[in-house]
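What Swiss-Prot lists as transmembrane segment is 13-35, 55-77, 84-106, 111-133, 140-162, 167-189, 201-223, 227-249, 269-291, 329-351, 358-380, 445-467.
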Amino acid sequence: MQQEATGGQKIRPIPIIASFLMAGFIGLFSETALNMALSDLIQVFDISSATVQWLTTGYLLTLGILVPISGLLLQWFTTRGLFFTAVSFSIAGTLIAALSPTFAMLMIGRVVQAVGTALLLPLMFNTILLIFPEHKRGSAMGMIGLVIMFAPAVGPTISGLILENLTWNWIFWISLPFLIIALLFGMKFMQNVSVVTKPKIDILSIILSTLGFGGVVFAFSSAGESGWGSATVLVSIIVGGIALGLFVWRQLTMEKPLMDLKVFKYPMFTLGLILVFISFMMILSTMILLPLYLQNSLALAAFSAGLVLLPGGVLNGLMSPFTGRLFDAYGPRALVIPGFIVAVVALFFLTRIEVGTSALTIIVLHSVLMIGISMVMMPAQTNGLNQLPPKLYPDGTAIMNTLQQVSGAIGTAVAITIMSAGQKAYMETAQGVGPEQMVASLTAGIQNAFVFGLIMACIGLLCSLFIRKAK
């Protein structure tokens with residue numbers, strides 16, 4: 001841990017983390033809040049459902065391209081400079097989106113927003129590692145977890161309330177003043193805590209990273225809509241896979257790589273990465289499946305569906321600071337292993353939901369699942385990063401955040417694919433094709449998709465048995 005900022009003044013960790021919490025909360029709120037407005041946007045701009053999905057795909061694609069090179073940016077620019085740049089991009093993107101008269105301009109606004117998020121998240125994790133000692137990082141990461149989990153949880157509910165009373169533009173207008181406050185707060189309290197080394201920039205590595213991670217994220221993000229047999233998806237996977245292979249080979253053979261893969265020599269980092277990867281797949285697939293189930297099988301309105309999922313999301317966020325303190329006191333094993341056990345139990349019962357399952361049952365099962373995931377996510381991530389030497393913090397945070405985006409895209413695509421296959425199989429044996437059969441087929445498909453989540457949770461539980469407190 002550093003005691004002084006690069007200018008010589010004493011580091012004040014609390015105001016620094018508060019700056020990140022404000023900016024991060026609004027950034028991540030905006031990321032998910034727009035999901036509730038997609039059906040409205042189809043009518044407003046007279047576009048197809050495939051086109052409107054680009055608001056999500058484009059956002060994920062921008063993250064997938066920029067987050068991998070964030071390790072380089074962290075070594076080239078100061079903490080204050082990157083923070084102001086990130087929040088400025090978020091403000092500009094939000095303003096463009098709020099004023100958008102066309103879908104194309106809204107799309108540009110979303111991409112600009114994503115640039116801000118892609119810069120902010122790795123910077124936030126890297127700064128926490130630098131300003132907090134190891135025995136306090138769990139609590140600090142828990143506060144970050146509160147934002148990362150809580151903002152996406154309340155986003156759909158708040159946006160649903162906005163959409164019932166105002167137009168979709170107000171999702172962005174309401175976010176704008178809070179981002180400006182975060183920028184002003186950061187101008188006063190943000191300090192330079194990182195060391196600017198300005199390593200050599202390898203253009204070929206950046207190109208390979210962009211093609212590799214961008215291609216993979218795009219392929220999986222598009223697969224749910226276009227299908228795995230789509231030429232676009234197949235070409236993206238092939239190009240992305242080849243580029244990733246060449247990227248890894250180049251990083252291993254370079255003296256000063258863009259992304260230092262030596263982080264994988266540290267076993268707790270690698271294990272933590274696997275556990276976070278699995279957890280994110282479970283979260284993102286659940287965020288896709290349960291709204292579909294609630295709105296179709298239980299015939300709830302979008303706002304009501306958001307309310308059903310709100311308790312679990314809020315619990316997940318509120319648990320993060322608590323699990324962070326427990327991590328500091330007892331280490332990762334006391335949290336991660338029980339967390340996966342809780343997740344396995346919740347997912348087992350989610351595989352058995354039916355058309356007549358009550359909303360209360362879904363609230364309970366979703367809340368239990370979110371509690372389990374909160375016991376896994378931040379402890380596994382913090383423990384993994386703790387094992388790295390400070391010089392590898394930028395690379396470790398970049399890799400951790402990159403694979404979260406990749407895992408989210410994969411989890412969503414696989415869940416939708418399994419659900420669609422389950423629907424099709426059910427309809428082939430169903431008597432008739434009326435509304436009741438359609439609802440029953442969707443429910444059967446969602447059951448199958450939750451089996452995938454259950455299998456991932458079981459794999460996570462087995463892997464968690466090997467976790468040890470990093471030294």
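Cβ coordinates are placed from backbone N, Cα and C, and glycine is handled just like the others.
Using a Cβ-Cβ cut-off under 8 Å and counting only residues 6 or more beyond its ends in the same chain, the transmembrane segment (167-189) has close neighbours at 12, 15-16, 18-19, 22-23, 25-27, 29-30, 33-34, 37, 40-41, 44, 80, 83-84, 87-88, 90-91, 94-95, 97-100, 109, 159. Note: the stretches the transmembrane segment (140-162) and the transmembrane segment (13-35) are in contact (3+ CB pairs below 8 A, sequence gap of 6 or more). Sequence-distant residue pairs (6 or more apart) of the transmembrane segment (13-35) and the transmembrane segment (201-223) include fewer than 3 whose Cβ atoms are under 8 Å, leaving the two stretches without contact. Contact check: the transmembrane segment (111-133) against the transmembrane segment (201-223) gives fewer than three Cβ pairs closer than 8 Å, residues 6 or more apart, which falls short of the contact criterion.
Sequence-distant neighbours of the transmembrane segment (55-77) (same chain, 6+ residues past either end, Cβ-Cβ under 8 Å): 31, 34-35, 38, 41, 85, 106-107, 110-111, 113-115, 117-119, 121-123, 126, 194-199, 201, 206, 209-210, 213-214, 216-218, 221-222, 258-260, 394-395, 397-399, 401-402, 405-406, 408-409. Counting same-chain residues at least six beyond the ends of the transmembrane segment (84-106), those with a Cβ under 8 angstroms from any Cβ of the stretch are 23, 26-27, 30, 41, 45, 47, 51-52, 55, 77, 112-117, 119-120, 123, 169, 172-173, 175-176, 179-180, 182-183, 186-187, 190.
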